[in-house]
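Chemist: Could you have a look at this structure, given as structure tokens, before my questions?
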Amino acid sequence: MAAIMIGSISVPIIGSAQCATAPIGNRVNIVAPGHMAICKPQMRSHAYYKHASQKLSEQSSRGIEVLNSFFNNDPEDAFRLTRNGMSKVKKGPNGRIILRKPKARHVFERINLEKSEKEQKGKFFNGEYDTTVTSIKGVTTSKENDLGAFSLRSPFYKRTCKKEKRRITRENIVCVDDVNNLCERILKITRDKNIPVEIIGKRRNHHTLTFKKFKGSFVGKVSLAPERSQMKHVEMSYGQFDYILQAICRITSTKHVRDEDIKPGCSGWVFSTDHALTQKYSRLPYLVIRGRDDDGIVNALEPVLFYSDVEHYSFQNEVQFFNGWRKMFDKLKPHSDHTCKVDHNNEECGEMAAVLSQAIFPVLKLSCQVCREKLSRVSFEEFKDFLSRNFMTHESEWSTLRDGVHCDNVLKLIKGAVQTTQNLKLSSDIMKLVQNHTSTHMKQIQDINKALMKGSLVTQDELDLALKQLLEMTQWFKNHMHLTGEEALKTFRNKRSNKAMINPSLLCDNQLDKNGNFIWGERGYHSKRLFKNFFEEVIPSEGYTKYIVRNFPNGTRKLAIGSLIVPLNLDRARTALLGESIEKEPLTSACISQQNENYIHSCCCVTMDDGTPMYSELKSPTKRHLVIGASGDPKYIDLPASEAERMYIAKEGYCYLNIFLAMLVNVNENEAKDFTKMIRDVLIPMLGQWPSLMDVATAAYILGVFHPETRCAELPRILVDHATQTMHVIDSYGSLTVGYHVLKAGTVNHLIQFASNDLQSEMKHYRVGGTPTQRIRLEEQLIKGIFKPKIMMQLLHDDPYILLLGMISPTILVHMYRMRHFERGIEIWIKRDHEIGKIFVILEQLTRKVALAEILVDQLDLISEASPHLLEIMNGCQDNQRAYAPALDLLTIQVEREFSNKELKTNGYPDLHQTLHDMREKNVCEAVTQFMARAKLAGKILCNRAIEAILDFYGKKFDPASKRKKARIFATICSRVLYHDPSTCEEHSRCRRAQTK
């Protein structure tokens, strides 16, 4: 039998069936103490368990920290564990259980989200958020959900029917005070924060409320219909917006606004009932400014019958236009590289905007829809034609635009875009020539001509086709024309011979001593004529420093003469082998010489195997030697015995004499005297300093005629400096400067080829010096010859191009015209060379125009205008004269300068050379005055006698008593004859005194 033990009492449990038959008696049994369970009291206190639990918790935390620190040290393991923790368990193929790992991006997003939630929760618990509860949502816990499934209903539960309550409908009554208070609070916020408020009424009645500051206080302003380009009889309904107007008046202060303050732009201002303007002009409690009429201010709340009677104070049309302008102008503005500032007023800005608008979109009114649709409906060609006709119609207005508009480039662009091809005759002539031709090149010309005929109307496809056809024609023409430019230089080779040339004079035993050295004999004695006059003695005791730098007009070159002092230190000796390189020039057309379309290799620069030019290396110096031989190893010839103990170096400008000394080696002894005398007395005065290579070659040819044995003489080494257009003849002192090109010419016969006019070569015009100094010398010679007829006649016969150098100054041209040098030049050259005679005719006509101009700028402009015609004539003349190259350079410079100045003036830039022209003209006048002062006394006497004879002849023709007329006659005659202006002539006063006696 089952029983329940309660303490020491055991109570049996009897089934329900046995309860009826069980006897009534004592059913409680007392359990003996021995059969009872012993309950021992607890010996451990609560502190023990608390301490033990803390200890276990710390051990667990410590283990977790150790584990976390282990994984945190390795970011990859930490990320992998975090990713696995976020993965989902999935059943894979073959029944395997796998993890579906999320993407790394999602893992980082979740980590950041958890971190953010943790921070937000920490802030929340720290009390950083507002404690105001905005809403409470019911949350059902899981325990409540479990209790919901457990029912407490008894078997006697009976549902009570719900009694229906009677609903009483009540009207929604809104307190007016609450609405006004709400409106007032909202309007205060919008007023303080400058927020526009939209006021919406019935139907389409809506207005925008803003607050404006006027004299330190806020004034309410509502938008009205005229601001939207609309007109209404009643612009604002008082019945719909009275409560808003009341709220506006409560939060604004308009007492300081007077009648005279109401001006255009004040449309929509709201005034309260107690304001003076409201009481004066309004029949309603409030006043909203609409405008003015004859009676005063008009209230927008009251009806108006005729709109034209009211001057509306809404924003003016100009302000509306500017708002639209600024809106789109700011959207389309470019990137700025500077800080903008206001440099032009509104009127100038309006002019520029109008010019651009009418140039691109010409209309009568921008606001007219018909004008806009008219331009939008036409085709693109018709639109271009319309723009072109508009330009021609207003041509005078476009030309009179003031400079401040700065629209020149825009107008040029538009004119070029709408301009059509006017010269259709040329296009039709081309079509006549190529029509009915089926060749490829003729079809290509047709396509190009079609594109050019359309002008600005050509499409991009047609333009691309024309360019493609032009490219194919260019390629064809390039492949079939004779290549003379840089393309031909790619295959040009001019290698130096490795074998030394044989000089018979140096191989003859009769001319060699026992040491194998050349014996000068009589040649050495007669060489003194050259050494003493045109060479400078080098004194070793004074050092070599002053001879290291070799000057020439276009630059300097360093000699290796300093290396004659040889250091005994090996490192310093190796340093002496290093040269100073100039900027190396590539192989160009200036390096070659051609004749009859064939290369003359001996007159070209030496190249390497790959076609690159051969650059000069360090040339070591020697003492008292003549060094010859351009190919192979150089040959060292001792100086004549009389000069063996001395060292000589050619004076500046006479280094070409080393070529004549090399020719002297091959001269017969009995002819050495004539050879040296011809050089000293004939050739050197003719060549002077720094002559051209062409002149030196011509002199060598002259010597070769009298002494044919010198034609096979070997030349010294000649280096070519293309940068300064200079030829350097290397003597025994070598060259410390390296990087020059090397001339292949090895004998006098090779050099003589440079004297030919048929030779096409730039190097034959190179100087042993430079062209600028040569031009200055020619200018001085020209000025000197103006007042010395014999010198001028010699110049006209030998070098007629020198008169072109007079174009540097109007003063020189006028003096040459007065002395009739142009007339003499025409008489001399009109039959000898028609082109040169034409040059003198043009110069004479030019000088007549220059003499009529009184301002220097006008005179220089006339000279510049005549330069292109003279340059064209010069290109067809022979270049065998000394002044040809300087004159050609002068004309080229003037033409290019005029072209560049024209472009600058067109673009609005000033010409800054006016001061330079004034100073140059002043210097020329001083030079002319100096040469006039040097005129010979005999010339002055003859001139004065001629003047006296002329005065005697003309004095008889007029009344002797007329002093003034004689003075005018004398002044006219002097202006034709004298060098000076009559007003400054010293003889003028003496002649006048002689006439008056």
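Heads up, the Cβ atoms here are built off N, Cα and C, so glycines get one too.
The shown structure was predicted, so the numbers you read here are calculated from the model rather than taken from an experiment.
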Chemist: According to Swiss-Prot, which of these ranges is motif 'Involved in interaction with stylet and aphid transmission': 365-368, 369-372, 469-472, 781-784?
Modeler: 365-368
Chemist: Within 10 Å of the Cβ of C655 (active site, for helper component proteinase activity), how many other Cβ atoms are there?
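Modeler: The Cβ of C655 (active site, for helper component proteinase activity) has 23 Cβ neighbours within 10 Å.
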Chemist: List the residues of the same chain that sit at least 6 positions away from E235 (active site, for P1 proteinase activity) in sequence and have their Cβ under 8 Å from its Cβ, in sequence order, or write 'none'.
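Modeler: In sequence order, the residues whose Cβ lies under 8 Å from that of E235 (active site, for P1 proteinase activity) (at least 6 apart) are L224, A225, P226, V288, R290, A300, L301.
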Chemist: What are the helix, strand and coil residue counts for the domain 'Peptidase C6' (647-769) according to DSSP?
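Modeler: Computed counts for the domain 'Peptidase C6' (647-769) are 57 helix, 24 strand, 42 coil.
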Chemist: Any idea what DSSP makes of E235 (active site, for P1 proteinase activity), helix, strand or coil?
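Modeler: Note: E235 (active site, for P1 proteinase activity) is coil by DSSP, not helix or strand.
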Chemist: In the predicted model, what is the mean pLDDT computed over the domain 'Peptidase C6' (647-769)?
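Modeler: So the average pLDDT across the domain 'Peptidase C6' (647-769) works out to 88.
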Chemist: Counting across all protein chains present, how many other Cβ atoms fall within 10 Å of the Cβ of S267 (active site, for P1 proteinase activity)?
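Modeler: So the Cβ neighbour count for S267 (active site, for P1 proteinase activity) comes to 23.
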Chemist: Measuring Cα to Cα, how far is S267 (active site, for P1 proteinase activity) from C655 (active site, for helper component proteinase activity) in Å?
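Modeler: Rounded to a whole number, the Cα-Cα distance is 97 Å.
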Chemist: Taking just the CA atoms, what is the gap between H728 (active site, for helper component proteinase activity) and C655 (active site, for helper component proteinase activity) in Å?
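Modeler: That separation, Cα to Cα, works out to 8 Å.
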